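Pulled from TrEMBL, these are the features on record:
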- 93-114: domain 'Helix-hairpin-helix DNA-binding motif class 1' (DOMAIN)
- 128-147: domain 'Helix-hairpin-helix DNA-binding motif class 1' (DOMAIN)
- 192-211: domain 'Helix-hairpin-helix DNA-binding motif class 1' (DOMAIN)
- 349-501: domain 'AAA+ ATPase' (DOMAIN)
- Gly360, Thr361, Gly362, Lys363, Thr364: ATP binding site (BINDING)
Amino acid sequence: MDLFAESYVKGSIVQEIFYNEENGYGVYLMRVTEASEELETKEITVVGHLLRPHEDEVYTCYGQWREHPKFGRQYHVNRAKKELPRSKDAIIKYLSSGLFEGVGKKTAEKIVEHLGTDALEKIAANPDVLTDIKGVTPARAQTIADSLHEHQALEQAMVFLYQFGMGPALALKIVQTYKHHTITIIKENPYRLIDDIDGVGFRRADEIAKQQGLAEDSPERFQAAVMFVMKESALSDGHVYLTWEELNEKVDDLLGSEAVALFTDEVREQCLTGMVDEERLILEDDRYYLPSLYYAEYGLAMRVKDLLAHQVDTAFPVSELYRVIGEVEEEWQIAYAERQREAMITALSSSLMILTGGPGTGKTTVIRGICQMFARLHEISIDPDDYEGTDKPFPIRLAAPTGRAAKRMAETTGLPAMTIHRLLGWKGDFFEHHADHPIEGSLLIIDEVSMLDIWLANQLFRAVPKGMQVILVGDQDQLPSVGPGQVLHHLLQVKEIPRVELTEIFRQAEDSSIIRLAHSLKNGEVPDDLLERHPDRRFFSCKRDQALSVIVQTVESAVQKGYALFDVQVLAPIYKGPVGVERINQEIQQALNPKTPDKKEISWGESVFRLGDKVLQLVNHSEHPIYNGDMGIICAIDEQAGADQPVLWVQYDRLEVPYKRNQLNQISLAYACSVHKAQGSEFSIVIFPVLHAYRRMLKRNLIYTAITRSKSYLIMCGEKEAFVEGIKQQRGEERNSRLKDLIEEDW
Ligand SMILES: Nc1ncnc2c1ncn2[C@@H]1O[C@H](COP(=O)(O)OP(=O)(O)OP(=O)(O)O)[C@@H](O)[C@H]1O
């Protein structure tokens, strides 16, 4: 045996054991006729991504043997090549397999009788050879030849893609998308892959282009770089648009120093004009937009303007409002501060208002007051029981961007609250509520507005019916939204929008040194007592190489003291590297939930999910009311389930959600998560490492957001200087957006 020869098996498919329509993953029984090594048995199992083979089709598969705990030795296919059938029976089976429209067994037999065992080659070369056969019209002959070409083209496309070092799953995804046009499309413009295929970025497409000898200065290359940069700037830097200068600078960064010589200003101008003509970009003055962002920003501005122009239907005299505040104060035995009263009065007299404030300044207290006043003034009930089982809509709609924030809002107000996606009737790929089918209710209160990106803000405002009052609540010192735009920040710049900022801290200062710390930090001051031990916070000084063990020990000790996994959260600014979220998760998993012979687990990429692990949902689930940022515990695993069966179940609050293997990319371990993912959530204990290693990300608003996630106890660990430097770093650069100007402009 040649040890260096590539491993392969060749044989005919006996049976399909399993096939996943979605991703083309299959398991097949194969009768081997030839192989690179001696086999104990001629019938083997091959698994992988093939173009769904039919029985008796002959394949040569290249790959490797692996041992499956339940199913034994299996051949895992890296790439495969279908051989045209050679025997009479195989050709008849192939022709009558259903791939060729209108060809049944009888016709297939006649074809082989007439043309012999090289029938397929003959048909491919000239469909007219079929017309001598009784019952085959010239049109039918052409269809048969076309189908044959198409199938051959798909096989060729797979082989073509393998030469670029692509895995079979990606190759199949591309072939499933472009069908028999695959090779033509990729030869013409491989950069299309970036837009059309998830998982292909600019670098990969550029590499394919290079291997095919596409010119380095081709307009397609420049345009692909532009699209990539536009999307990156929106998703990573939050920009709604880029100016000509910014765009070209970023393209040059991506393409390297030679880009300046390769693409002159004139060529760039031409390329960009072409993209604007094709509506891939929108140009306004010298600003380039992705169309979805342009329309979102414009739409949002238009609706905010509408709201501002609209007077509240039932404006109550201020004296009446004060009277009702007095009633609420009396009933709840509370004395609102002057600023809080101002907030309540402004809210009830405005069609749109913004309420801001740091932790403990009474935002929730004010929201509750507003709801109570609204009910009294309008003489309506806000007892959820009165609406249960009726078709009357609840008059006050409360919502927040994440599931956890919505849950907290419901708990603190005692009123029904939900995610914005749920409020708008998210159906996986569209919103049920929009301008023509708005949401119901008279008052809308949105919490954690700092998290709202321009896309969601536009969807939300589109669905607000005429006459509904809108109150936006948030903390402007927190991180901006993960998605593009800086909606809260820019709305606060619009002078016309009524707003009240709560600054007085009501939570007893001695109760919470975390809140005092937060308020100092937001003003850029690091208190002298940062390293001192407080009843509710500590700072363990340590270097980078000690940080992991400090974090793990702290989590372990909290769990030993009886804190539930959900109460303890490690927050880190970055994912990768020796102290990134991924590594911290592995270490905590190893400490709290180690591998044991009888504990089920399943591998997914670099992660291992084990029974009992805490996990985080990374995107809004399309079938279940589970949202980006929700956390649960793995409650069952069936690692041998087929690809269209669930392999893992996660217990969320009250819901157990199944995940198929191809959905496992929707979750990650959650002992540690990024500060961005924790926006809108609170935890009893927050452990926050602060190290120079995070320098790039460590900014004032990130530190502020991290520490304000802790309800009872904050443990920081790391390097004090890194903390101090981070606090000096004001929020990241401004995000490009015209929201404020658009609202203020006369259209
Ligand atoms: N006018 C007031 N008089 C007395 N206590 C108040 C007053 N306003 C608020 N509080 C109390 O201060 C604490 C913080 O208020 P609240 O929870 O409303 O603040 P918040 O801004 O929503 O805080 P966080 O953002 O941290 O949730 C609560 O215990 C609340 O009862």
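Our numbering is plain: 1 for the first residue shown, then up by one each step along the chain.
Every residue, even glycine, has its Cβ placed from backbone N, Cα and C.
Since we're looking at a predicted model, the values are computed, not measured.
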Check: Of the stretches 128-147, 192-211, 349-501, which racks up the most C-beta pairs under 8 Å with the domain 'Helix-hairpin-helix DNA-binding motif class 1' (93-114)?
Finding: 128-147
Next item on the list: By DSSP assignment, list the helix, strand and coil residue numbers for the domain 'Helix-hairpin-helix DNA-binding motif class 1' (128-147), in that order.
Entry: 13 helix, 0 strand, 7 coil
Next item on the list: Which residue among the binding-site residues Thr361, Thr364 has the fewest other Cβ atoms within 10 Å of its Cβ, if you could check?
Entry: Thr364
Notebook entry, point to check: Cβ within 8 Å of the ATP site's Cβ centroid: which residues qualify beyond Gly360, Thr361, Gly362, Lys363, Thr364?
Noted result: Gly357, Pro359, Thr365, Val366, Leu502, Phe506, Arg507
Notebook entry, point to check: DSSP on Thr364 (ATP binding site), three-state: which is it?
Noted result: helix
Margin query: Mean pLDDT across the domain 'AAA+ ATPase' (349-501), rounded to an integer, is what?
Written below: 94
Notebook entry, point to check: Gly360 (ATP binding site) has how many other Cβ neighbours within 10 Å of its own Cβ?
Noted result: 23
Notebook entry, point to check: Helix, strand, coil residue numbers for the domain 'Helix-hairpin-helix DNA-binding motif class 1' (192-211) per DSSP?
Noted result: 15 helix, 0 strand, 5 coil
Next item on the list: Check each residue in the chain of Lys363 (ATP binding site) that is at least six apart in sequence and keep those whose C-beta is under 8 Å from its C-beta; list them in sequence order.
Entry: Leu355, Gly357, Asp447, Val473, Leu502
Checklist line | Neighbour tally for Gly362 (ATP binding site), based on other Cβ positions within 10 Å of its Cβ | finding: 22
